[in-house]
Amino acid sequence: MVEDSRVRDALKGGDQKALPASLVPQAPPVLTSKDKITKRMIVVLAMASLETHKISSNGPGGDKYVLLNCDDHQGLLKKMGRDISEARPDITHQCLLTLLDSPINKAGKLQVYIQTSRGILIEVNPTVRIPRTFKRFSGLMVQLLHKLSIRSVNSEEKLLKVIKNPITDHLPTKCRKVTLSFDAPVIRVQDYIEKLDDDESICVFVGAMARGKDNFADEYVDEKVGLSNYPLSASVACSKFCHGAEDAWNIL
């Protein structure tokens with residue numbers, strides 16, 4: 001707390017003096033799937049509606065694709081015989097903003113993956129800045145799905161990348177895997193996480209779809225849990241798990 005107050009005092013009033021190295025906030029190491037030991041929380045956004053569709057060919061810039069969504073492509077979805085609930089990439093967008101903005105992510109204790117409804121697995125770098133507007137997010141996802149990775153402008157670091165299935169190959173060696181179900185016993189997240197072993201991580205599969213069965217992760221999970229006596233959106237479910245882990249691990 002003393003160091004925090006000295007940092008604030010140094011910055012107050014536009015002080016341009018360089019801070020001592022010991023006072024400069026240090027970014028935590030970036031977690032990757034290669035790290036099989038560090039205790040953390042992993043969130044897998046399962047059944048995510050991220051699907052592109054070609055809308056023009058042989059244009060000046062080549063073929064043009066869009067990210068299917070229920071607001072802009074109702075007519076197209078109808079022609080394809082698809083329900084509009086199958087085109088909800090906005091759910092994934094909301095979840096990513098919630099997760100990546102969280103203190104647990106800034107503390108370096110969160111990893112995020114996306115499993116699309118088409119079986120594509122995506123690793124999300126904790127430092128990536130997801131666009132706030134859905135239009136820009138859509139453009140980014142189209143680029144990712146066709147180029148298979150998005151690199152940082154300032155380095156060769158990959159911020160988003162398509163990786164090989166199955167998801168279990170990328171999880172820590174000791175990891176409790178759970179998924180959310182409205183029919184499962186309701187838990188208090190903080191209490192649940194505090195009961196994990198000292199070296200045990202937790203992986204939560206969250207359904208990033210408008211509706212559907214909760215069997216999307218049955219082949220992976222150890223247990224199904226409930227978070228509330230009321231139906232929750234995917235974004236709120238992500239938020240509750242983040243807050244619970246932050247409280248359990250004393251992340252402020």
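Each residue, glycine too, has its Cβ placed from N, Cα and C.
The S-adenosyl-L-methionine site recorded in Swiss-Prot comprises G207, G212, K213, D214, L227, S228, N229, Y230, P231, L232 together with one of L160, L171, L180, namely L180. In the shown protein chains, 13 other C-beta atoms lie within 10 A of the C-beta of S228 (S-adenosyl-L-methionine binding site). The DSSP secondary structure for R88 (site 'Interaction with substrate rRNA') is coil. Nearest Cα neighbour of R88 (site 'Interaction with substrate rRNA') among the listed binding-site residues (L180, G212, D214, S228, L232): G212. Reported as a whole number, the C-alpha separation between Y230 (S-adenosyl-L-methionine binding site) and R136 (site 'Interaction with substrate rRNA') equals 32 Å.
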